[in-house]
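Report on the following structure.
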């Protein structure tokens, strides 16, 4: 048998290796080094963290390949990078650079208002955001091997990540309790591919790895998401917009492992310095919400 | 029979699932006292830098070394790196196995691959010698082994991907991502 590459099993497999871990946004090789030393399982290489994208406005695009390559050279852990929703050429470029995972991300300005990238056409795996089970399974249908909640990126407010995780996991619990004859109508209500709905019902979980993202800023936030039932967490602005990034990063890693141990959570939460200032999601005008991007 | 799965980070649920299918009691190990009364331990795939750092931070490093001197340990992928004595990089290594590994030896994720392997030792489990499906994800390679280490599997190129030293096992691939439980059954035999 010849070696096979780019299979769904390998795409999913890398995400399985990231479980129980923290993936951190970094904008420089120095940040990447701090993240790796703090115990991050992967880094997301980007030019601006979501809090800055939010503050500065303008069109947010794929990062400069030069920056991504420098970060890839600096750390031994996997490096992820973001492409705009529907921008399959940015994804082709990221694949050519050799990044380990592509985040087709609502944090960047969407390039297509109807269609996401056909992720099956790539050898590199993709992670995508979702707010509910239907959105998650549409992305899996397009080939995503990993799903994350959207949350509300760049706010430091965990409320949306909680809402999205509860909705996905709640929809799964509901799906498992339906009689067989009601599954098709539920799939229709979710706008999700029927076969994937059936698979999710059988597994009692998403058929891919499921992380939390968007607004996680403290060890307690990370542990909250883990206790709600996600497989791991992304932390964006929460680390490098805080007073002591190295210390906070290490604390969030520890909290993600020991998410069920309040004594350890109390210990690691001590003296972390200033958290990111943050912005309450309910104060943000509807048109400025990032999570509504994606279809 | 009670087997621990180091649950600091990585594919520990996948290992636990296979062991439970085999009727084995399992324990997630995150703190030193959870090593008590175990017959063996699996160190799963994941990120070896993360697993090593958390093991040091939570006082597991020396207890794991003591455990490995008396009991069976099997490391898959990141776990095999953590068991090794040399990974060409400054990161915590248990140094229990006399093997030298090269991390990400095949390249990045786009170079990850699946391939059938011939693993003669699994013949002891049944008369057939079916290939074992190897899943290599940003996988390490066992570059060289000491004199007390047996090579269990090689790629066609001759490169070493599985090794055993007494009751310690290292595989650079992921049996926990397959439905083939032979490697887990072999580990249980070693642990007994």
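Sequential numbering from 1, following the chain as shown.
Even glycines carry a Cβ here, placed using N, Cα and C.
As recorded in TrEMBL, the features of this protein are as follows:
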type	residues	note
ACT_SITE	A:82	active site, schiff-base intermediate with D-ribose 5-phosphate
BINDING	A:25, A:154, A:215, A:236, A:237	D-ribose 5-phosphate binding site
BINDING	A:166	D-glyceraldehyde 3-phosphate binding site
DOMAIN	A:8-213	domain 'PdxS/SNZ N-terminal'
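Distribution of TrEMBL features across the structure.
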| residue | record | DSSP (3 states) |
| --- | --- | --- |
| A:25 | D-ribose 5-phosphate binding site | strand |
| A:82 | active site, schiff-base intermediate with D-ribose 5-phosphate | strand |
| A:154 | D-ribose 5-phosphate binding site | coil |
| A:166 | D-glyceraldehyde 3-phosphate binding site | helix |
| A:215 | D-ribose 5-phosphate binding site | coil |
| A:236 | D-ribose 5-phosphate binding site | coil |
(message) Among the binding-site residues A:25, A:166, A:215, which residue has the fewest other Cβ atoms within 10 Å of its own Cβ?
(response) A:166
(request) Could you state the whole-number distance in Å separating the C-alpha atoms of residue A:237 (D-ribose 5-phosphate binding site) and the residue listed as 'active site, schiff-base intermediate with D-ribose 5-phosphate'? (result) 15
(request) Calculate the per-residue pLDDT averaged over the domain 'PdxS/SNZ N-terminal' (A:8-213) and state the result as an integer. (result) 97
(message) Please list, in sequence order, the residues in the chain of residue A:82 (active site, schiff-base intermediate with D-ribose 5-phosphate) that are at least six apart in sequence and whose C-beta is under 8 Å away from its C-beta.
(response) A:44, A:46, A:62, A:63, A:102, A:103, A:104, A:105, A:107, A:108
(request) Do me a favour and check the Cα-Cα span between residue A:25 (D-ribose 5-phosphate binding site) and the residue listed as 'D-glyceraldehyde 3-phosphate binding site'; whole Å is fine. (result) 24
(request) Provide, as an integer number of angstrom, the distance between the C-alpha atoms of residue A:215 (D-ribose 5-phosphate binding site) and the residue listed as 'D-glyceraldehyde 3-phosphate binding site'. (result) 15
(request) Please report how many Å separate the Cα atom of residue A:154 (D-ribose 5-phosphate binding site) from that of residue A:166 (D-glyceraldehyde 3-phosphate binding site), as a whole number. (result) 20
(request) Provide the number of Cβ atoms within 10 Å of the Cβ of residue A:237 (D-ribose 5-phosphate binding site), excluding the reference atom itself. (result) 26
(message) Taking only same-chain residues 6+ apart in sequence, whose CB is under 8 Å from that of residue A:236 (D-ribose 5-phosphate binding site), what do you get?
(response) A:25, A:44, A:49, A:50, A:51, A:107, A:153, A:154, A:213, A:214, A:216
(message) What's the number of neighbouring CB atoms sitting within 10 A of the CB on residue A:154 (D-ribose 5-phosphate binding site)?
(response) 27
